Each structure stands twice: as structure tokens, then as C-alpha cells.
Amino acid sequence: MGADDGAISADKVDIRLQPLNKNGAQDETDEEAADQIQLRVYKQRWIVLLAVALLNNTNTMSWIGYAPSGNYVNSFYGESSAAWLSMVYMMCTIPVGMFAMWAGREWGLRTAVLIAGWANGIGAVIRVISSLDFVPQDLRFPICMTGQGIAAIAYPFIMFLPTKVAGSWFPDTQRAIATSIGVMSNPLGVLMANLISPAIVKSPEHVIWLNIFTCVPSLIAMLIATFGVNRSEPKIPPTFSASKPQMDFVSGMKSCFSSKQYIILLIVMGGGIGMFNCLYTVMLELLCPSGYSNFFSGVCAALMIVGGVFGAAASSIFVDRTKLYEETLKIALGAAVIFGLIFLQLTLHQGYSVILGVTCLLFGVLGLATYPIGLELASECTFPVSEATSTGLIVLSGQIQSVIYVFIMKNFARPLQPDRMHIQVCQLTPDDTINTPKDNTMSIMIFSLLATLLVLTLVVLFKPVYKRLEAERGNRATADKAKELSNQNKDRITLQAESAVEPLQKK
């Protein structure tokens with residue numbers, strides 16, 4: 001066989017391996033399709049979520065920690081100090097919240113985590129200083145309020161982080177459970193505060209130990225946030241929606257407030273958050289007039305949270321698999337309001353400890369189950385608005401409504417009837433004029449009416465469109481089709497060119 005034969009043989013091999021390529025644009029399209037479907041999840045997502053969860057947990061402990069031991073805190077810092085140390089969180093969130101949402105969108109997740117971590121840690125240290133022996137009595141409360149105010153500044157930066165982390169770092173099959181872990185660290189902080197605060201604080205002098213208890217984990221969270229979160233987003237996104245550019249802050253705000261379904265969710269979910277915050281704040285004041293102790297108040301709050309952890313985890317796994325966000329939210333919130341109303345009515349009577357505990361548990365299972373679902377729905381209704389904006393507005397609405405509900409509970413309460421004074425356990429001593437027991441009947445009636453109106457609004461008017469899921473399904477279908485076409489083209493042989501080659505002849 002001569003040189004020409006060898007050339008023909010080589011050409012034949014080349015032809016058989018040559019894929020079909022009608023024009024130069026085909027290769028470019030295939031490359032774009034490959035880039036389009038490039039998704040990846042990183043193990044670092046769990047470190048980022050841990051940092052956010054710890055910040056949420058420790059910041060909430062700082063917020064709620066004084067309420068379960070309010071009578072001792074009032075004696076140590078001054079009259080009504082426990083309520084003000086809780087209220088400062090709600091008041092700081094409102095003015096700082098808008099800036100925090102803008103900063104989270106413009107500066108990124110890592111900057112928000114750093115601001116939250118350092119504000120939380122510095123505030124905790126100042127609270128410890130306020131309770132040291134050398135601090136004069138008249139300076140204790142101002143110093144403590146300063147530290148609490150600095151820690152409160154961290155909360156608006158924390159409030160949108162769970163959904164932001166879930167949307168930026170986690171695949172769509174883990175988004176709801178990631179959001180649940182992030183947001184449920186908040187009520188877990190409430191649980192720890194309500195269990196440990198009454199156990200630590202047995203007299204006014206023990207308040208310093210409560211401050212130390214909240215300070216140590218706050219400093220740990222600050223260190224993890226500083227060294228564990230080194231970037232705002234992964235290099236390669238985990239989902240199609242995470243790869244899509246999000247609206248700027250102003251456009252996102254306009255989009256949110258032009259959506260009827262989002263506005264309904266904003267009011268209802270904000271109301272739910274506000275009512276939970278209010279109950280945490282005034283739990284002792286609700287129960288002590290009917291003879292229920294500080295410890296029992298802490299147990300009730302703990303049962304709510306324990307139930308809520310299981311409820312939120314179960315609901316998150318369920319909606320991750322089924323995507324039945326709307327149905328789950330409506331059923332859970334409706335049932336939660338029923339058990340919540342029963343609980344409130346029972347607080348007006350003595351001797352119902354077991355039933356109060358059961359209703360607290362069921363209220364927590366169903367009520368807190370709605371929290372992560374509602375925040376995920378906010379992202380669904382407003383996509384491609386940044387999660388920092390859509391969920392931040394809901395939590396901000398919750399803080400505003402918290403102030404309203406606490407105001408209602410305190411200002412519509414009346415002096416306790418004389419024939420019930422022998423039942424109450426609010427006063428530390430018979431001549432205690434700081435911890436005055438109240439009759440909460442009117443407050444509870446107004447509170448119950450508002451809760452009923454909120455759930456009816458949700459059930460009747462809320463009919464969302466899952467914009468984020470629809471976008472991901474469309475992108476996934478397009479990418480799968482492009483990938484399939486690309487694979488077919490690569491496997492196809494140019495038969496026409498092959499047939500033009502003469503078979504080799506033996507000499």
C-alpha cells in the first residue's frame with residue numbers, strides 16, 4: 001500500500017470521529033448551554049449557616065433573657081427596666097431595618113454578618129459591665145440599655161440572613177430546611193432564655209450571671225462570623241435562581257409593594273411574628289396574676305419552642321418535597337390561632353397548668369411551623385427581588401406590630417381585682433410597688449380579635465404565584481433540552497463524508 005493509501009486511511013479515521021457541525025454557531029451554542037447548566041453546592045454552606053444560626057440564637061437570648069426574671073431585673077436595674085430592655089429591640093429594628101436591607105443587598109451577606117456579629121458581641125460585653133459591683137446604682141440601667149441598644153442594632157442585619165443564605169448557598173431541595181434551621185435558632189434562643197434565666201436569677205444580685213451567660217456565646221458567634229464567613233456567595237451558584245441577577249434595592253421595594261399577594265403576606269406574617277414576640281415579652285405578666293410562677297412561665301415558653309422546632313422541621317421537609325407552601329401555611333396558621341386563643345383564655349384562670357402546657361405545645365408546633373414557610377413564600381412571590389428585601393420587610397413588619405401588640409397588652413390591662421390579690425405571685429413582697437399584677441381580660445379580647453382577623457385574611461385572600469419555582473422549572477427544562485441536543489450532535493457521524501471515501505482494495 002502506497003503513501004496515498006495511508007492518507008486515505010488516516011482521513012477515514014478522522015471522518016469517523018468528526019461530529020456533525022453545520023455552522024460555526026453550533027459549537028458556541030453548545031458551550032453556552034454547558035455554562036448555563038453549571039451548578040454546584042459547597043460544604044462551606046453549612047459553616048455559613050452555622051454562623052447565621054448562632055448569631056440569631058445568641059442575639060435572641062440577649063433580647064428575651066431579662067423577661068422571664070422581670071421582677072428581679074426590675075429590682076436590680078429599676079422599675080419597668082425588663083420591659084424596656086426587650087422593647088429596645090423592637091424600637092431599634094424599625095429605624096435601622098431599612099438601612100440593613102439596603103446594606104445587605106448592596107454590600108453583600110458577609111458584610112451583614114460581620115456587622116451583626118460585632119454589634120452583638122460588643123453589646124454583650126457592655127451589659128456585663130453594667131452589672132459589676134463598682135457601677136453606681138443610678139448608672140446601671142443607662143449602661144445596660146446602651147449595650148442592649150448596640151446588640152439590638154445587630155438584629156435588623158440578622159433578620160433576613162436565613163433566607164439569603166438558603167437562596168445563595170443551598171440547592172432548591174434544601175432551601176426550606178436551611179431557612180428553617182436559620183430562623184428556628186431564634187425561638188431556640190427564646191427557649192434557652194426562658195429555661196435558664198429563671199434558673200440562674202433567684203435574686204436581684206444574680207443578674208450579673210445572666211449577663212455573663214449571654215455574653216460568652218455571643219463572643220463565640222462573633223468569632224465564627226469573622227473567620228468562618230469569607231465570602232457572600234459561592235463561586236458557582238447552587239440553583240438557576242441563584243445565578244439570576246437580582247433587582248436593586250429601590251426596584252425591589254417597588255416590586256414588593258406593587259404585589260397584592262406580598263402585601264397580604266407582609267401584614268399576616270408580620271402580625272404572626274409580632275404576636276409571638278409580644279407573648280414572649282409579657283408571658284410572665286399574663287400568668288403571674290393567676291398564680292403561675294416564674295418557672296411555669298418559662299416552661300410554657302419552652303414548650304412553645306420545643307413544639308415549634310419539630311413543627312418547623314417537619315413543615316420544611318414537607319414543603320421541600322411537595323412545594324405545597326400555600327396549603328401548609330393556611331392550615332398551620334389557622335390551627336395555631338385556635339390553640340393560641342384557648343391558651344390566652346386559660347391564662348385568666350388558676351389551676352389549669354396541664355391544659356396550658358398542652359395548648360402551648362400545640363400552639364408552638366403549628367405557629368412556628370409557619371415562620372420558615374412564610375419567609376420562603378415571600379421570596380417566591382417577589383422573585384427576582386433580593387431575599388434581603390422581601391424577607392426583611394416581613395420581619396420589619398413583625399417588629400412594628402410587636403410594639404403595637406405590647407402596647408395593647410400593657411395599656412388595656414386594668415388593676416387586678418382585690419379578691420384575686422391572694423392568688424397573684426407577681427409581687428416579690430407584700431409592699432412591692434414595682435411588680436403590680438394586672439387583669440388582662442380586655443387586652444386578651446383585643447389580641448384575640450386581631451389574631452382571628454389576620455388568619456381570615458390569609459385564608460380568604462392569599463393566592464400566591466410561585467415565581468421562583470416557575471423560573472427554575474423553565475430554566476431547567478431549557479437547559480436539559482440544550483444538553484440533550486448537544487449530546488446528540490456530538491454522537492452524530494458525518495455519514496455523507498464517510499461514504500465519499502473509497503474502500504481500500506487489496507493488491
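Positions of Cβ are set from backbone N, Cα and C atoms, glycine also.
In Swiss-Prot, the feature region 'Disordered' is placed on 477-507, out of the ranges 415-445, 477-507.
Within the same chain, the transmembrane segment (299-319) packs against the transmembrane segment (181-201): three or more Cβ pairs sit under 8 Å, each pair at least 6 residues apart.
Under 8 Å from some Cβ of the transmembrane segment (181-201) lie the Cβ atoms of residues 49, 52-54, 56-61, 63-69, 72-73, 161-163, 165-166, 207, 209-210, 213-214, 276, 280, 283, 294-295, 297-299, 301-302, 304-306, 308-309, 312-313, 364, 368, 371-372, 375, all in the same chain and six or more residues away from its ends. Using a cut-off of 8 Å between Cβ atoms, the transmembrane segment (83-103) and the transmembrane segment (207-227) share fewer than three residue pairs, counting only pairs 6 or more apart in sequence. Contact between the transmembrane segment (328-348) and the transmembrane segment (207-227) is absent: fewer than three CB pairs lie under 8 Å, with pairs separated by 6 or more positions in sequence.
Here the transmembrane segment (442-462) touches the transmembrane segment (263-283). Their Cβ atoms form 3 or more pairs under 8 Å, with each pair 6 or more residues apart.
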